[in-house]
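Taken straight from TrEMBL:
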type	residues	note
ACT_SITE	9	active site
ACT_SITE	135	active site
BINDING	93, 94, 95, 96, 97, 98, 99, 100, 101, 102, 103	ATP binding site
DOMAIN	65-143	domain 'GHMP kinase N-terminal'
DOMAIN	196-272	domain 'GHMP kinase C-terminal'
Ligand SMILES: C[C@](O)(CO)[C@H](O)COP(=O)(O)OP(=O)(O)OC[C@H]1O[C@@H](n2ccc(N)nc2=O)[C@H](O)[C@@H]1O
Ligand SMILES: Nc1ncnc2c1ncn2[C@@H]1O[C@H](COP(=O)(O)OP(=O)(O)OP(=O)(O)O)[C@@H](O)[C@H]1O
């Protein structure tokens with residue numbers, strides 16, 4: 001049995017440049033991993049089947065599961081005859097904007113690369129992952145990165161300055177496709193990506209807070225006003241800066257002062273079932 005950790009990501013910035021002919025959007029976004037992670041176990045089997053075991057009731061256990069798709073793709077590409085039983089212990093909230101499914105797929109690619117002794121580089125696994133979903137490439141590498149293209153072109157960046165991150169997810173699910181569909185690309189307020197890059201290069205916490213931005217935030221807020229409410233609450237409880245991650249609905253807030261962490265956490269717990277206090281790990285998966 002082999003184990004892989006599958007950490008969640010947050011978007012420090014998310015910009016959309018234009019809509020492409022293939023229907024996807026050309027993005028420019030800075031993402032970083034946090035230490036809230038699913039656990040993925042891979043057990044080799046000899047019957048040639050891919051089995052998904054998952055306790056979370058909203059997660060599919062068939063070929064719709066992104067971890068299944070990752071295993072299936074690797075098996076076909078490298079003519080593997082063995083099967084695998086994939087057990088997912090979900091800790092990352094589902095359909096939350098935290099790339100839970102993408103990270104499970106990425107962890108499955110990394111794990112099967114070891115189990116089946118394929119010797120593939122992180123770049124190769126990320127390229128395979130891109131066929132499964134736009135966030136999978138980043139999740140193969142982890143760490144902090146600028147992602148462009150559809151999200152699959154990755155440039156590594158320094159880890160963000162140290163702070164606490166409070167994650168809170170309202171009890172709604174958001175479809176990423178719906179949010180992109182409702183975006184009017186000609187009328188977006190572009191985030192300060194250059195400012196965020198500079199903040200990371202210089203380790204400037206205030207600048208990082210000031211440069212947070214996500215063009216999908218107003219779209220999701222318009223459809224789900226609960227997200228506005230949650231962001232306002234987090235600001236009122238004392239977070240230094242607050243933003244929605246990905247297509248939402250999870251909202252994250254940065255805090256430096258330890259004493260404020262429990263105040264914000266406990267305050268939000270009164271309204272929201274899913275609240276987590278985590279850190280940005282900056283941890284990159286190095287395979288080579
Ligand atoms: C919102 C983010 O999570 C930010 O990290 C990503 O941009 C979306 O990543 P993802 O969930 O892995 O996305 P995918 O599974 O590839 O695509 C879901 C749907 O989102 C839309 N989509 C996604 C990525 C992109 N660059 N442009 C898009 O328009 C497409 O309608 C697509 O059908
Ligand atoms: N391993 C998986 N874990 C969670 N959801 C999965 C998984 N595989 C497929 N799914 C499906 O994908 C949908 C979106 O789940 P996920 O948690 O990946 O969303 P997300 O955090 O919004 O992802 P992203 O930030 O990449 O858009 C779920 O509703 C579920 O049906």
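Every residue gets a Cβ built from N, Cα and C, even glycine.
Residues from the recorded positions list (9, 93, 95, 101, 103, 135) with a C-beta closer than 6 Å to any atom of ligand 1: 135. Cβ neighbours of residue 135 (active site) (same chain, under 8 Å, six or more residues apart in sequence): 9, 31, 99, 102, 103, 151, 246. Packing around residue 95 (ATP binding site) is summarised by its Cβ count: 19 other Cβ atoms lie within 10 angstroms of its Cβ, all protein chains included. DSSP classifies residue 9 (active site) as strand under the three-state reduction. Between the candidate binding-site residues, 93, 97, 101, the densest Cβ environment within 10 Å is the one around 97.
Applying DSSP to the domain 'GHMP kinase C-terminal' (196-272) sorts its residues as follows: 43 helix, 11 strand, 23 coil. Taking the Cβ of residue 9 (active site) as centre and 10 Å as the limit, one finds 29 other Cβ atoms among all the protein chains shown. Here the domain 'GHMP kinase N-terminal' (65-143) returns a mean pLDDT of 97 for the predicted model. Neighbouring residues of the recorded ATP site, listed in sequence order and excluding 93, 94, 95, 96, 97, 98, 99, 100, 101, 102, 103, comprise 8, 92, 246 (Cβ within 8 Å of the Cβ centroid).
Checked against ligand 2, the recorded positions 9, 93, 95, 101, 103 give 95, 101 in sequence order as having a Cβ less than 6 Å away from one of its atoms.
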